[in-house]
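**Student:** Okay, so TrEMBL annotates it like this:
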type	residues	note
ACT_SITE	Glu284	active site, nucleophile
Amino acid sequence: WSRIFPNGDETQPNEAGLKFYDDVIDQCLANNIEPVITISHYELPLNLAKRYGGWKNRYLIEFYETFARAILTRYASKVKYWMTFNEINSAAHFPVMGQGLVPSTGANDKKNVFQAWHNQFVASAKAVKIAHELRKDIQVGCMILYATSYAYDSNPVNQLANLQHNQDFNFFCADVQVRGAYPTYTKRLLAEYDLTFDDLETTDGDLALLQQYPVDYIGFSYYMSSAVETTGSVTDTVAGNLMGGVKNPFLKASDWGWQIDPTGLRIALNELYDRYQKPLFVVENGLGAIDKPDKNFYVEDDYRIDYLKQHIEAMAGAIDDGVDLMGYTPWGCIDLVSASTGEMSKRYGFIYVDLDDQGHGTLARYPKKSFYWYQDVIKHNGLTKK
């Protein structure tokens, strides 16, 4: 966004920014790579956060519409698959990246988070409208952070808490964007923060747009699962993707405490497809780990290969279950600073980058063992027997 509209509120795009993406997209197509574009991925122009207070301000609907129209008009003929907001539900725990809200602009007030979500839902519907007017077969999806959630035990109190956790975190944003209306449990969810729907600034026109322009598919990230325990009988906790929880005794965890659960991905795919009956797209899935290169900067990351292999097998199982899974893009192709922790040492890529947490290094790139393994996976559109 900020490369094309540096301040976010301009009326005309930055042509140099568009030229950058012209080259990226054309290079992808020249190499038989299908581009998938997320319109807004944790990069709100700083001016929109500082001057307007982030997504709680309705002005951002208009600014996003201008941005979306500019890039969709430019690239709709070349790019078929789009998503409107990255991990939109992550604002439940960390609103700064997705909504541009910080404590000084109301991040600690849940009313602002829900207002920001509403404005993003409307903006998303407008993007779907623009896209479908430009190209009939274009596909525009939502994108959520999905962490399969289990009740810690059969205690009905934990079962109910888990059901409500799933509604509040895993489903709420997708329910609105896929079904085109706020779910019935919205009343209960808002009441938890002493809010009602009337406390939000909405219009009949907003609700009509949501109903008329739902997304075409559901994109989601999947790294881990979580367990819900509310009675206080379990004190052993673990970290997670912007959120933590109690430790699941049946699962191992990554170097950062994220519980590794490939079966949870199969469950997630079934849960989402049963609920929405629209195609699913796993657009992030990977293992953040401490990689130790040898003297030639080669990394034998069998642990990453094992993680991805198990999750790909879980997707194959979900397809056998009848799930319509349209695609898979792992996170990620190259090492980069982790968005959730700000560390370069938390590496996900198939390509090792010579850079440490203090910014020291040559930035030289070296394929890891997983690079060649995944090269074979995509060559055969799936796992081979060897």
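Along the chain as shown, residues are numbered 1 onward.
Just so it is clear, glycine is given a Cβ too, placed from its N, Cα and C backbone atoms.
Surface or core, plus neighbours and distances: that's what I need for these features.
**Tutor:** Glu284 (active site, nucleophile) carries a strand DSSP state (E or B). A simple way to gauge crowding: the CB of Glu284 (active site, nucleophile) has 21 other CB atoms within 10 angstroms, across all the protein chains here.
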